[in-house]
Amino acid sequence: MREEPRIPVANLPGRSPPERSSACLDGLRGVACLMVYLSHQHTWWYREDNLHEGFGYHGQTAFATFPFIRSLFNGGNAAVAIFFVLSGYVLSAGPLQLIRDGDTAAAHRRLISAFIRRPFRLYIPALSIALAFVFVMHLPFGLAPTLEFPVPKESFFLELQNWIWETALWMNPFASPGTFARGYLYLPPAWTMPVEYAGSLLVYFMLAVATFIPRYRLSLFSVAGIILFSVKKWSMACFMGGVVLAINDLDGIDHALLKQFSKQWVKVALNVLFFLSWWLLCQPANKRDDPELSYNTPGWYYLTMVFTPRNYFEDEYWRFYNTPGAIILVYAVLRLKWLQSFFLTKWLKYLGRISFSLYLLHIPFLFTVGDRVERMFGGIRGQFSTWYDYKLAIPDIGPIGFSTGFLASQVVILPLNMLLAELSTRYLDEPSIRVARAIAARGGYTGT
């Protein structure tokens with residue numbers, strides 16, 4: 001796997017900041033994807049056990065709801081914010097270095113190339129997987145799976161017609177988002193793709209502006225991020241936060257501050273920031289927009305009722321703390337060696353490599369194959385029955401999140417998901433990158 005480039009920081013007078021590697025962010029992306037995967041898998045199996053509740057909420061004492069631990073069981077919301085911060089960082093790192101070096105022409109060429117390539121990178125894999133799901137919904141000879149959602153149309157051609165309509169609505173990056181942006185009926189996790197595209201366009205536009213005022217690029221992105229965050233454009237604020245982190249790494253802005261303190265104090269402060277970010281990312285939340293779930297959880301009353309702006313109470317109140325939590329987390333990962341070592345392990349780097357495909361695939365796989373496996377192990381969902389229900393059922397004993405039935409089903413489901421994600425990465429994701437580069441190159445624009 002090709003690693004992310006190392007980002008050198010500027011050698012400003014009186015500073016000798018170390019070179020920072022962003023390769024560890026691949027591992028962080030992989031962990032974030034795993035958080036999304038586990039969140040959906042747990043919700044599917046433990047559909048009535050309220051894993052979204054916080055520890056202590058009306059007597060809730062399940063280990064899976066404990067602070068910090070709960071992010072492994074219900075961390076999908078937090079993971080999305082992390083994805084957006086990482087995108088802002090990675091998309092801006094190369095152009096920012098060219099801007100800092102004063103190569104405006106090269107920066108413009110790179111931005112144009114990125115603008116051309118980005119939609120192919122985001123949409124080709126998602127469209128392909130969604131279309132494949134449409135075909136699976138209408139397999140002949142009784143092979144089509146029984147689905148509770150989405151409800152299949154009467155014929156394949158009606159389904160294809162509806163897929164075209166749903167796709168046209170979903171691909172619009174400027175549509176009014178709603179609770180989870182513009183949902184995509186045939187690929188629910190892909191609601192983030194139009195948001196990713198809109199955030200990418202914003203980053204490219206702001207970087208283009210920064211080429212004319214390079215000395216003020218930090219102020220430009222910082223102010224933009226604060227304004228967007230205050231008007232509840234949290235996803236765009238995450239992108240701006242990622243760019244600010246890239247500027248900080250490139251210019252070594254925090255180095256002068258950190259060098260004033262002893263290494264031990266800096267280490268303690270960075271670890272405190274890491275656990276603070278983790279806490280903010282663990283705010284109790286689910287699809288309900290009622291903040292009661294949060295303020296009745298010990299440790300969250302004042303953060304929810306006193307410090308959360310009322311415009312965030314309208315829906316998705318958790319985004320207010322997930323946004324700074326994700327930004328601080330990425331900063332801490334880029335500064336703490338023990339975290340970098342963890343995220344640079346081979347398994348997590350591999351998970352980061354297949355994370356995009358795993359993120360897109362795991363829900364349609366759950367709808368079709370995963371649900372069947374779970375039914376065999378006794379995890380019955382939906383108002384229908386099949387001949388293979390309970391065929392491999394075992395007593396589902398143990399704590400929520402670690403019960404025997406769930407773990408046994410995941411022994412089958414997780415490897416199959418990863419195998420399919422590997423194949424998708426090889427034959428959809430990576431080819432889409434090559435196609436995008438070839439199209440940009442034909443227009444005379446190159447860049448990575």
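Backbone N, Cα and C define each Cβ position, glycine as well.
According to TrEMBL, the protein has these features:
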- 24-373: domain 'Acyltransferase 3' (DOMAIN)
- 78-99: transmembrane segment (TRANSMEM)
- 120-143: transmembrane segment (TRANSMEM)
- 197-214: transmembrane segment (TRANSMEM)
- 220-247: transmembrane segment (TRANSMEM)
- 320-338: transmembrane segment (TRANSMEM)
- 350-369: transmembrane segment (TRANSMEM)
- 397-420: transmembrane segment (TRANSMEM)
Task: Feature contact check the transmembrane segment (197-214) with the transmembrane segment (78-99), CB under 8 Å, 3 or more pairs - done: yes
Task: Range from 120-143, 197-214, 220-247 with the greatest count of C-beta pairs under 8 A to the transmembrane segment (350-369) - done: 120-143
Open item on the list: Six or more residues beyond either end and a Cβ under 8 Å away: which residues meet both conditions relative to the transmembrane segment (197-214)?
Closed with: 84, 87-88, 91-92, 95-96, 99-100, 102, 104, 107-108, 111, 114-115, 118-119, 122-123, 173-174, 220-221, 224, 235-236, 238-240, 243
TODO: Would you kindly list the residues that approach the transmembrane segment (220-247) from elsewhere in its chain, counting only those six or more residues past its ends and only Cβ-Cβ distances under 8 Å?
DONE: 7, 81, 84-93, 96, 195, 198-200, 202-203, 206-207, 209-210, 213, 253, 309, 311-312, 314, 316, 319-320, 322-324, 326-327, 330-331, 334
